[in-house]
């Protein structure tokens, strides 16, 4: 996104409700950019499919386990319950075809201990999406704030923040994450066990990904601050903070939205990678990456155990990417 | 405690410094269930587990190349600097210790026989001096004669130098050699007073205290002679002076080792080895699953590590009776278990420990090892192939070993925690099987209300920093610790002393993680090691086992077993009970 959005993008901020209503149906004379974007998005089948999957996954994650009820409980075993009776002790693989797939265990069973893969996928979805969303929020808040500051004020603030971004971008994030997560104590900051681990992972992913957002925001801000409406506001006596938050920021919502949607799948993959390397959430809490690690030893005898979490990651990341791409195309016609 | 995996290396290293680790062999022999698939169509008529009781494919045909593959690389090929179980077996191809084990399957193979020595050790009246006579006319591969001083030098370098760190240090522990700094710092071997060589064929060991199982110590590869002039320290592994039927042709560290026949080896002096193949080739750092596939296809003859096939090959073998007939399922020297710390509440109360004993689903904790093929469900410290093993079960957890919730609840009430309690399970996080065991244990304890949290620690510092450090254990409330132990020689003493003797509780590198310090146990160990009558001694080891189990702090999971595959092209195959793998000095190949 190299060019600034059209000025009329302000409509997005001025009357968000109107935008939605307009999309709802009744013919309105003029169309705001938001309406146009929504129409474009609707026409993008891939993006809509992605959006459906995203919503579906989010609902599943929210309602999978406590506190919002129990999809898992409704369908069968809790995610950590072993079923040694359903495992062939001689091969360690589940008894039955396709990894023990049945009505009770729609995705089959984990080798060795016979835990229900369906329940673990759902439980893992919670972790994956929670980490991805929270980490993205951290990145977005930090990135937008610092990006706007750098772009708006220029000068030494820009130099400083830009160099900071370079430093962060050059950081060996994965190695750093492994080291940090490995060194985290059992209890800190009033958190314990997996709650603490999730907090640390969110912090690491979020804290090191902000420069991607910040760079985009900075570029946009640089050009926005020269625009007439900014001059107009300034000549009317508006202060810097007013201009940043009331004049510049609304014009940045679209790119921020697009890039956060694209950041989420990256973060899902990152969390999966950490779990795969054994520094994600701790067992017995299920996580997709953790399941993949386990699956490596049994890929020949119980391939379903690798395929199912692999597919879960693939579909989720794909859905977010499709949605993000669709959003970008819809919000920025010139980027097409 | 011999290592079966490279990962164990660091943890074990610390164990070694203390000496008494255990031993590993095996005596009982029994315990293998031949399921009798009854297939007669296989090319070979051998059945599953035949290699456990007899020699399969006996043949004296010479020639060919014997090919080994290994998924890792050794700590060292230097017989004085290795602690890998397979290498104590393999190194005998080119390094002969003073004594070795009889070349025979079953209990017979646990008996020591003279190798370089003319006979077993002669102990003095007070048990503190052991004398061995060398056979005359034994030569190195370059034709020079083996002298008593070379044996003395070999033990000096392997046990007293700071350079060679990988092997055990039993001799340093037991020999009376106060202040000796090893041959690299102190070139004059005369300053090493722990061993005397009155003439070229006599070796006299001087001990600090009586030790009735000293013969077992000189059966480890460290007593294989090393000529001082040829010693190049850590580099010696590339050009070991051979006394065995083979010598090193070339050795590329971490890649390939080639052995060729040693013409100066005289079979007349050697009762335990054969010299059938023309060459022996070892490939290191091969993919474990690839090794299995090549093994099944007959492209390699044996997996050097001797730890059995991977799950994929296991599934294939189980499904095919023909393949299964080409396998053996022997015990390894290892017991897999958990220890409960008697110093961490509420496990300071014996009834809380009993609750765990009763609640544990041992079928679930057996599954990660590979089910019945990976180990038999255990109920004692010593494994069935340890001399002195006695079968008993003080805490029967249901007829099917799946846990007895009622009894567990009873124990919980007796302990004053009728609703259960919270505790932690410590485990080596980089050992997938042990982690799965921890999860299985966690799930069984959960059923009776004991909420356990799994804490993972790296295996490298496991003993030095984590579970082997009582103050760390107390501070982090590690109530249960998942561990394993294998013996260095097949007797109860080596197996037990390091893990149950209260006087061996150390601030770091502690293997008595129960922190059990029972005077009765300590006294029995002392009494046993000073008892010269072997039968009497072995009975005492059984008593120690029972005493420790009575404390309920030791939670056995499985007596580990492996599934070894023998391709039909391999001749003279049998499982050597002292090593729990095929006797590598006997193997030949069919042309």
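Positions of Cβ are set from backbone N, Cα and C atoms, glycine also.
Residues or ranges marked as domain 'ABC transmembrane type-1' in TrEMBL: A:125-324.
Annotation comment: TrEMBL describes A:46-64 (among others) as transmembrane segment. Under 8 Å from some Cβ of the transmembrane segment (A:46-64) lie the Cβ atoms of residues 70-72, 122-123, 125-126, 128-130, 315-316, 318-323, 325-327, 329-330, all in the same chain and six or more residues away from its ends.
Marked as transmembrane segment by TrEMBL: A:127-152 (among others).
Among the features that TrEMBL reports, transmembrane segment is placed at A:164-184 (among others). Remote same-chain residues near the transmembrane segment (A:164-184) are listed as 146, 196-197, 200-201, 204-205, 208, 210-212, 214-215, 270, 273-274, 277, 279-280 (criterion: CB distance under 8 Å, separation of at least six residues from the stretch ends).
As annotated by TrEMBL, transmembrane segment applies to A:196-217 (among others).
Long-range Cβ contacts of the transmembrane segment (A:256-282) within its own chain (Cβ-Cβ under 8 Å, at least 6 residues beyond either end) map to 1, 127-129, 131-133, 135-136, 139-140, 144, 174, 177-178, 181-182, 193-194, 197-198, 201, 205, 209, 212-213, 216-217, 288-290, 292-293, 313, 316-318, 320-321, 323-325, 327-328, 331-332. Per TrEMBL, the feature transmembrane segment maps to A:256-282 (among others).
TrEMBL lists A:302-324 (among others) with the feature transmembrane segment. Below 8 angstroms of C-beta separation, residues 46-47, 49-51, 53-54, 57, 92-94, 98-99, 101, 107-108, 110-111, 117, 121, 124-125, 128-129, 258-259, 261-262, 264-265, 268-269, 272, 288-289, 291-292, 294-296 of the same chain, each at least six residues beyond the ends of the transmembrane segment (A:302-324), sit close to that stretch.
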